[in-house]
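The active site, proton acceptor annotation in Swiss-Prot covers Asp13 and rests on sequence analysis. The active site, proton donor annotation in Swiss-Prot covers His41, and the record cites sequence analysis as its basis. Taken from Swiss-Prot, the feature GTP binding site applies to 12-18, 40-42, Arg304, 330-332, 412-414, supported by sequence analysis. Sequence annotations record features per position, and here Swiss-Prot assigns Mg(2+) binding site to Asp13, Gly40. Among the features that Swiss-Prot reports, IMP binding site is placed at Asp13, Glu14, Gly15, Lys16, Asn38, Ala39, Gly40, His41, Thr129, Arg143, Gln223, Thr238, Arg302. According to Swiss-Prot, the feature substrate binding site maps to Val298, Val299, Thr300, Gly301, Arg302, Lys303, Arg304.
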Amino acid sequence: MANVVVVGTQWGDEGKGKIVDWLSERADIVVRYQGGHNAGHTLVIDGVSYKLSLLPSGLVRGKLSIIGNGVVVDPHHFVAELKKLCDQGVKITPEILRIAENAPLILSLHRDLDAIRESGLSGLKIGTTKRGIGPAYEDKVGRRAIRVMDLAEKDTLMAKIERLLRHHNALRRGMGVAEIDSQALYDELMQVADKILPFMDCTWRLLDEGYREGKHILFEGAQGALLDNDFGTYPYVTSSNTVAGQACTGSGMGPGVIHYVLGIAKAYTTRVGEGPFPTEQINDIGEFLGTRGHEFGVVTGRKRRCGWFDAVLVRQMVAICGVQGIALTKLDVLDGLDEIKICIGYELDGRKIDYLPSSMGAQARVKPIYETLEGWKAKTAHTLRWEDLPVQAVKYIRYIEELINTKVALLSTSPEREDTILITDPFAN
C-alpha cells in the first residue's frame, strides 16, 4: 500500500492533469485537497480531451473521487462541469463522487468582490481569475462561510446568510455597490441545493476507511507550490496553501498516511498573471516556448508567460514540499533548440544567492545566473524508452536532478498519457 501526493513545483500548469490521470489508474481513491475552479487541466484519453477545473481527475477513470474540505466549491460551476463530463459519456453518480460536507461554497457575491478588487478599484492587481476563490477563503477563515452541509439545514440557513451579509453588505456600501438581499441569496442557494446534496458526505471517514482497508489514495493538488499563500511569491499568490502539506489538512488525513510526494515540473517555466518571474523571456525564445507548448490557460484562455527552467525555485519547492521524485513534463517542447539555459542561482544587489527571498522587493530585484547547455535536434516527442532519448536530452535531465536535489521519477514526452517513461513508480514505495 502507498498513498501519493501530487504537487506542482512551479506556478501551476506543469501538466499535473496528465500525470494524475496516469497515476489514477493505479489508485483506488482520488481526492482534491485545495483550490477551487480557478485552476484547470486537460486530460487526453484515446484522443478525447476532458477539461476539468473542480472535479477530481479520477472521475474519468471511474475511480472513487472526493472533493475535500480544503476546496472551495462553486455549486453552479459544479453542476455545469458535471453536466459537461456526463455529456461526453462519463458516468458520474454519488457512488463515485463525494463532496466534503464542510467544504465552503463560492457564492455570486464572492465573484462580485473578486472582480471589483481585480478591476483596480482597490489598488494592487494580483491577476486572479475573478472566480471568487479568494473572497470565499476569506469567509472561511472569518468563520462566516456557507458550507455544503448548510444547504441541508434550511431552518438555520437564513440566519447564516444574514450573518454573512452583514459583512459583505458593509463592504459593498463602501465600494458603492448595491447591497444583496438575504432572500435573493437564499433562493440562489436553493436552486442548486438538490443537485449538490446527493454528493455530500463525511469524507474524512471515507478516506480513513479506505486507508484502513489498504486502498491506494492519490491526493491531487491544483495550481503550484509557488502560488502557496505562505511560501509562494506573495502577494502574487493564490488564497490557499498549495504545498504538499495541505494534502492532510485539506482532506482530513494525518501526515502519517502519506508515503510519497511527487512533484511536477515543466522542462521550462511558465506563469499566468502578475508577479515576479526571474527567468521570463520576453523575446523570440519566450514566443517559441509559448507557441510550441500551447501555453494558454485552460480556465481563462490567458496567454502564459514563458521562460527557462529555474532550478533555484524548483529546488526550493522540493525542500518545502518534501518531494521524493519529480515528474518532468513537456521535454519535447525543447526539441530543436541549439542551446538551452538553466537558472542555477541569482544575483541580488551584487551578491550571489541560492534561494528566492520572501521579500516582494527582493523578488523583483533578483537577476538569474544561467548555465548554457547544448540542445538536441532529435525528437523526444512520443519517446517511450529512456535509452531512446537523445544524449543531450539525458544530460539536461541529469543536470536538473543534480540542481534540484531529487530524481526524475516520471518523464512525459507528449500530452498523451501513454507517452510516459516510468523510472520510479510512486505507488511502489
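Note: Cβ is positioned from N, Cα and C throughout, glycine not excepted.
Shown on the structure are the features that Swiss-Prot records.
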residue	record	DSSP (3 states)
Asp13	active site, proton acceptor	coil
Lys18	GTP binding site	helix
Asn38	IMP binding site	coil
Thr129	IMP binding site	coil
Gln223	IMP binding site	coil
Gly301	substrate binding site	coil
Leu331	GTP binding site	helix
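Ranking the binding-site residues Lys18, Arg304, Leu331 by Cα distance from Asn38 (IMP binding site) puts Arg304 first. Leu331 (GTP binding site) is 14 Å away from the residue listed as 'active site, proton acceptor' when you measure Cα to Cα.
Each residue contributes its Cα atom, and for His41 (active site, proton donor) and Gly12 (GTP binding site) those atoms are 10 Å apart.
Thr42 (GTP binding site) counts 15 other C-beta atoms within 10 Å of its own C-beta, drawing on all protein chains shown. The maximal spread of the IMP binding site, taken as the longest Cα to Cα distance among Asp13, Glu14, Gly15, Lys16, Asn38, Ala39, Gly40, His41, Thr129, Arg143, Gln223, Thr238, Arg302, is 34 Å. The distance from the Cα of Thr42 (GTP binding site) to the Cα of Lys303 (substrate binding site) comes to 16 Å. Applying an 8 A CB threshold to same-chain residues 6+ apart, the list for Gly15 (GTP binding site) reads His41, Ile264, Lys266, Ala327, Thr329, Lys330, Ser412, Pro415. Note: Gln223 (IMP binding site) has non-local neighbours Gly8, Trp11, Gly12, Gln34, Gly35, Asn38, Ala39, Thr238, Thr242, i.e. same-chain residues 6+ apart with C-beta under 8 A of its own C-beta. Looking only at other Cβ atoms within 10 Å, the busiest spot among the binding-site residues Lys18, Arg302, Arg304 turns out to be Lys18.
Taking the Cβ of Thr413 (GTP binding site) as reference, residues of its chain lying under 8 Å away and at least six apart in sequence are, in sequence order, Leu331, Asp332, Thr380, Ala381, His382, Thr383, Leu384, Asp419, Thr420, Ile421. A distance of 10 Å separates the Cα atom of Gly40 (Mg(2+) binding site) from that of Gly301 (substrate binding site). DSSP assigns Thr413 (GTP binding site) to coil in the three-state reduction, placing it in neither a helix nor a strand. Separation of the C-alpha atoms of Arg304 (substrate binding site) and Thr129 (IMP binding site): 13 Å, rounded to the nearest whole number. Between the binding-site residues Gly12, Gly40, Gly301, the minimum number of other C-beta atoms within 10 Å of a residue's C-beta occurs at Gly301. Looking at Gly301 (substrate binding site) and Lys18 (GTP binding site), their Cα atoms lie 19 Å from each other.
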